[in-house]
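Participant: A single structure is presented below for examination.
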Amino acid sequence: MEASWGSFNAERGWYVSVQQPEEAEAEELSPLLSNELHRQRSPGVSFGLSVFNLMNAIMGSGILGLAYVLANTGVFGFSFLLLTVALLASYSVHLLLSMCIQTAVTSYEDLGLFAFGLPGKLVVAGTIIIQNIGAMSSYLLIIKTELPAAIAEFLTGDYSRYWYLDGQTLLIIICVGIVFPLALLPKIGFLGYTSSLSFFFMMFFALVVIIKKWSIPCPLTLNYVEKGFQISNVTDDCKPKLFHFSKESAYALPTMAFSFLCHTSILPIYCELQSPSKKRMQNVTNTAIALSFLIYFISALFGYLTFYDKVESELLKGYSKYLSHDVVVMTVKLCILFAVLLTVPLIHFPARKAVTMMFFSNFPFSWIRHFLITLALNIIIVLLAIYVPDIRNVFGVVGASTSTCLIFIFPGLFYLKLSREDFLSWKKLGAFVLLIFGILVGNFSLALIIFDWINK
């Protein structure tokens, strides 16, 4: 039985026991991998590159939808919700790392196996596959819709018939020439430098959003005609709302959960970290989440204060409408699109690992299988990006169904199952709160989204 599960160092049924203070301190500094195994590996990825990789896993197209979320929750409501989700995301990573140290497993899927046997492993692997496919397709959807417009702004005259202004053609070329080769790399640490480039692109985007807040007047002066109606701003539209609730608010928590989900990449990054320990990886996580929170909040706040109620579900569309030929805006569009693009290969790693563990866990590594799984995933996400019309559908449904499981429900549930601590202990109470919060958020948000679709 032990051989069929892979490299377990303990039997199923082992539990996280109540720890003495000195044992807890030793756990914080203990490595996930044995010293012998770690010596056989490369020296590892530095702390900084690990932070960049994790931030790249966290940040993606979600940054474009948060200003829209802020407009539908209010400044104070958004701030509270975003901070709450960020803290809960960090705590759920803490639970995952604790369980991995104690059970001596190195993957999210194996935690599911350790807690609930083979069904647990299959559920976790299936959830990871669905979530990561949804995430990657949403990133490619951004590229398909925005890249042709970004290129067209640099051109004069009518070039509408040319291939480089066709979103589907560009999408296929990019996936074949960039995404697929990067996704084929054998180790996630190789993407550290591209992840650092993506981080600086995101910082540049946030800086431009701040600066351009004073370039677009409010009330908006543009007379924009669409479907026979004139759209304009009035003075009341230029007052920020501190609290706001509407049907569109149903997308708030799912979008935020989607924007902070990095849990499928935690253990792959941990296993390649230089001098890996629970405390060191938790510091990587806290740093990445804090920096992501800062960039998210700044870009969402100033994006909202630029357009107020007229903010688009994809923030870049607003700048295309009102600053269509601004050189800085045109440049930042290309930067943010490139940053989103560089996230896709990183998300390939946990998705491919989940497929491998679900169907080929007892087989040795094969480059042919590695190639074919990567190719299949690439084809699937391209097809989804072509046929899913609204990015909010991806954000809402994926966030409500799978992201909440991976970020809230599974860590809390697994810890409650494996731990033999007293239920009133702080860790177990925290795991219980995490579980209940995830169930409520997922079900409530999904119900509201379906209700909104029916009304439309």
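The backbone N, Cα and C atoms fix where each Cβ goes, glycine too.
Quick paste of what Swiss-Prot says about this protein:
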DISULFID  C218-C238  disulfide bond
CARBOHYD  N233  N-linked glycosylation site
CARBOHYD  N283  N-linked glycosylation site
MOD_RES   M1  N-acetylmethionine
MOD_RES   S4  phosphoserine
MOD_RES   S7  phosphoserine
TRANSMEM  42-62  transmembrane segment
TRANSMEM  85-105  transmembrane segment
TRANSMEM  111-131  transmembrane segment
TRANSMEM  170-190  transmembrane segment
TRANSMEM  191-211  transmembrane segment
TRANSMEM  250-270  transmembrane segment
TRANSMEM  288-308  transmembrane segment
TRANSMEM  327-347  transmembrane segment
TRANSMEM  371-391  transmembrane segment
TRANSMEM  394-414  transmembrane segment
TRANSMEM  431-451  transmembrane segment
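So that I understand the layout, could you describe where these features sit and how close they are to other parts?
Facilitator: Reduced to three states, the DSSP call for C238 (disulfide bond) is helix.
Cβ-based neighbour count (10 Å, all protein chains) for N283 (N-linked glycosylation site) stands at 14.
Within the chain, the transmembrane segment (42-62) has long-range Cβ neighbours (under 8 A, six or more residues past its boundaries) at 135, 138-139, 141-142, 188-189, 191-196, 198-199, 202, 255, 258-262, 264-266, 269, 272-276, 280-281, 283-285, 287-289, 291-292, 295-296, 339-340, 342-343, 346-347, 391, 395.
Residues 42, 44-45, 49-50, 53, 140, 143-144, 147-148, 164, 265, 268-269, 272, 341-342, 344-346, 348-349, 352, 370-371, 374-375, 377-378, 381-382, 385-386 of the same chain lie 6 or more positions beyond the ends of the transmembrane segment (170-190) yet place their CB under 8 Å from a CB of it.
The list of residues near the transmembrane segment (191-211) in space but at least 6 beyond its ends in sequence, with Cβ under 8 angstroms from a Cβ of it, reads 45-46, 48-50, 52-53, 55-56, 59, 63, 182, 185, 291, 295, 298-299, 302-303, 306, 315, 328-329, 332, 335-336, 338-339, 342-343, 345-346.
Long-range contacts of the transmembrane segment (371-391) within its own chain (CB-CB distance under 8 A, at least 6 residues past either end) are made by residues 61, 64-65, 133-134, 136-138, 140-145, 168, 171-172, 175, 179-180, 183-184, 313-314, 344, 348, 351-352, 355-356.
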Participant: Which residue, out of the disulfide-bonded residues C218, C238, shows the minimum number of other Cβ atoms inside 10 Å of its Cβ in this structure?
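Facilitator: Minimum Cβ neighbour count within 10 Å, taken over the disulfide-bonded residues C218, C238, occurs at C238.
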Participant: By Cβ distance under 8 Å, which residues at least 6 away from the ends of the transmembrane segment (288-308) in the same chain are close to it?
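Facilitator: For the transmembrane segment (288-308), the sequence-distant neighbours (Cβ-Cβ under 8 Å, at least 6 residues beyond its ends) are 51, 54-55, 58-59, 62-63, 66-67, 69-71, 75, 78-79, 82-83, 86, 89-90, 199, 202-203, 205-206, 209-210, 212-213, 216, 218, 220, 233, 237-240, 259-260, 262, 315, 318.
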Participant: Below 8 Å between Cβ atoms, which of the listed ranges 111-131, 250-270, 431-451 makes the most pairs with the transmembrane segment (327-347)?
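Facilitator: Counting Cβ pairs under 8 Å, the winner is 250-270.
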Participant: I'm trying to understand the geometry here, so how far is the Cα atom of C218 (disulfide bond) from the Cα atom of N283 (N-linked glycosylation site), in Å to the nearest whole number?
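Facilitator: About 42 Å separates the two Cα atoms.
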Participant: Using DSSP and collapsing to three states, where does C218 (disulfide bond) fall: helix, strand or coil?
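Facilitator: DSSP call for C218 (disulfide bond): coil, neither helix nor strand.
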Participant: In three-state terms from DSSP, label N283 (N-linked glycosylation site) for me.
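Facilitator: The three-state answer is helix.
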